[in-house]
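Heads up, the thing below is written out as structure tokens.
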Amino acid sequence: MKTIDIKILDARMGEYLPSYATSGSAGLDLRACIDEPMEIMPGETKLIPTGLAIHIADPGYAALILPRSGLGHKHGIVLGNLVGLIDSDYQGQLMVSTWNRGTDAFTLNPMERLAQLVIVPVLQVGFNVVEEFEESDRGAGGFGSTGKK
Ligand SMILES: O=c1ccn([C@H]2C[C@H](O)[C@@H](COP(=O)(O)OP(=O)(O)OP(=O)(O)O)O2)c(=O)[nH]1
Ligand SMILES: [Mg+2]
């Protein structure tokens, strides 16, 4: 398994290092590193620290912060940025933009699992400027162009 450097910015996180819940898990749960319960009102977005920093270092990888399904579906707790993208050279604290898109206030408790981190491969590309593309099956068709006839 590949390893990446992690810094524990808040000592409480020492016993809560992110880990895969099962052998096939893709996501590593991130916890709310807060001091006391925090109420997030409907429509409100709060930036929640995780107490952790990672340095992926290799530009061939990035991390995505995604919502947890249960929190999102049952409580409307999703991400203010919809998806968080963690660059391979980012060394600051992992932050979770937490949006209550639901209709009820939500109480976020210290160390509660709030979102999940997924490490993904990334391909950095250069651009080759052209006047015309080589013809493809799809061409410029989009937005339902292959849909119902
Ligand atoms: O949910 C997130 C999203 C981003 N980040 C950190 C890591 C990422 O590498 C950095 C910048 O994120 P992004 O490029 O998405 O934000 P930006 O608004 O474009 O800021 P910047 O100008 O710093 O790139 O912020 C987080 O901690 N949590
Ligand atoms: Mg950016």
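Backbone N, Cα and C atoms are what each Cβ position is placed from, and that goes for glycine too.
Remember, TrEMBL labels are computer predictions, not curated facts.
The annotation domain 'dUTPase-like' is assigned in TrEMBL to 17-147. Within the model, the domain 'dUTPase-like' (17-147) shows a mean pLDDT value of 97, rounded to a whole number.
For R68 (substrate binding site), the same-chain residues that are 6 or more apart in sequence and have a Cβ closer than 8 Å to its Cβ are D29, I77, R113, L114, A115, Q116. Positions annotated as substrate binding site by TrEMBL: R68, S69, G70, N81, L85, I86, D87.
Taking a Cβ cut-off of under 6 Å from any atom of ligand 1, the binding-site residues R68, S69, G70, L85, D87 reduce to L85, D87. A simple Cβ count within 10 Å picks out one of the binding-site residues S69, N81 as the most packed, and that one is N81.
Other Cβ atoms within 10 Å of the Cβ of I86 (substrate binding site) number 22 in total over all chains.
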